[in-house]
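Q: Okay, so TrEMBL annotates it like this:
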- 62-401: domain 'Amidohydrolase-related' (DOMAIN)
- E143, H211, H232: Zn(2+) binding site (BINDING)
- A154, N235, A236, R243, H272, L328, S329, G330: substrate binding site (BINDING)
- D294: active site, proton donor/acceptor (ACT_SITE)
Amino acid sequence: MPSNKSVSDAPIVQFTNCRILRSHQLQREDLWVREGKILNPEKLFFDEKGSADIQLDCKDSIIAPGFIDVQINGGFGVDFSLATDDFKSGLDLVSQKILSHGVTSFCPTLVTSPPSVYHQVLPQISIRNGGAHGAGILGAHLEGPFISKEKKGAHPEHCLRSFEAGAFQDLLATYGSLDCVRIVTLAPEMKRSGEVIRELTKQGICVSLGHSVANLSQAEEAVQHGATFITHLFNAMLPFHHRDPGIVGLLTSDKIPAGRRVFYGMISDGIHTNPAALRIAHRAHPKGLVLVTDAIAGMGLAPGRHTLGQQVVEIDGLNTYIAGTKTLSGSVATMDTCVRHFQEATGCSVETALEAASLHPAQLLGIEHKKGTLNYDADADFLMLNDGLYVQATYIAGEEVWRQDTLGM
């Protein structure tokens, strides 16, 4: 429906004195918002003869799309892989707190768990829009249990599963329901994984390859079946080898179906991936890089012992290990920290760093027409940042939901 004053009397807000990230460039222009959407000012001027009801001076801030975290296991003492009576209030707490990190949408992530946990937790996760109550929920990311024992990382071995005959039914029985599931991480070398990938893809669920000992041809086959993502590149997979680069080789594979892009998550926290490895991946396939936090319950808390699903983890500075080992188990990095570290480590442009946490995850999930962009008619989920890429304010649907100088929000 064309924009028209007779159609909507909702107030029009004009954000002035800012640099907007649009079409991969920071552009010095104003941002116009009405009814939670980005407005085309030309339509407003010429079709409606309208003007702004409210003007806000952004004091030369950068305005970028809100960050989207597609792999976050919890935070602030909340573990999404624990079936507790107050699971929903824990989910609400995390969604509220991550607004200060610039995250406006996320996929609560469950690590490998017993079927009883999936059956209890998944019905309590519902897809919802963000707002003052917290970041929007795009659906769950189920990381495991159909993964490799050799590359289980922080996942409990006794909960790992393989696909039996009737593989997809086996997966359904394990999870209980796929109603709110957005991403499933699995190991593509498993027998019958091809049929599972095809079926999940058919249902609109993104399949990610991870915690795997797959060689390159197995990974390429999984992509041909419909897989589009790699879970935390370099971590929990075979290391790059020049004769068989494994899953890492997908970044430059010539066997990706035409018109398809493979995305890959990276935990840019300075711990999980050496800056040189981050640079190699980014230079090899810049348009596929998706920043993820892989944050655990200990994010936002003091060092010490916390949980990750069935395991006890220990936080020592920015390092998180399974208690009593040196096995890394998720991170305590925030998304804005990951964006700044990525830009510093790679020397990439501000625009590139911001898009790795906004546009790319939106493209991965097929929602780039409404999220991860400031194009006209997209959702008005955006951030104000200073030149150091520190978040100053977070907006969802055009409403301010967090600001640096407000306490208790």
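Using the three backbone atoms N, Cα and C, a Cβ is placed for every residue, glycine included.
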Q: Would you mind sorting out which of E143, H232, A236, S329 (the binding-site residues) have a C-alpha within 10 A of the one on D294 (active site, proton donor/acceptor)?
A: H232, S329
Q: Got a sec? Which of these binding-site residues, H211, H232, R243, H272, has the most Cβ atoms within 10 Å?
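A: That would be H211, with the highest Cβ count within 10 Å.
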Q: Kindly state the mean pLDDT of the domain 'Amidohydrolase-related' (62-401) in the predicted structure.
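A: Here the mean pLDDT over the domain 'Amidohydrolase-related' (62-401) amounts to 96.
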Q: What's the CA-CA gap between H232 (Zn(2+) binding site) and H272 (substrate binding site) in angstrom, rounded?
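A: Distance (Cα to Cα, whole Å): 9 Å.
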Q: Sort out the sequence-distant neighbours of S329 (substrate binding site) for me: same chain, 6+ apart, CB within less than 8 Å of its CB, listed by position.
A: G153, A154, I296, L308, Q311, V313, T320, Y321, I322
Q: Considering all pairs of residues in A154, N235, A236, R243, H272, L328, S329, G330, annotated in the record as contacting substrate, what is the maximal C-alpha distance expressed in whole angstrom?
A: 30
Q: Quick one: Cα separation, R243 (substrate binding site) versus E143 (Zn(2+) binding site), in Å?
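A: So the Cα of E143 (Zn(2+) binding site) lies 28 Å away from that of R243 (substrate binding site).
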Q: I want the residues beyond E143, H211, H232 whose C-beta is within 8 angstroms of the mean position of the Zn(2+) site's C-beta atoms, in chain order.
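A: The answer, listed by sequence position, is Q71, G144, I147, G153, H155, T185, S208, G210, T231, N235, A236, D294.
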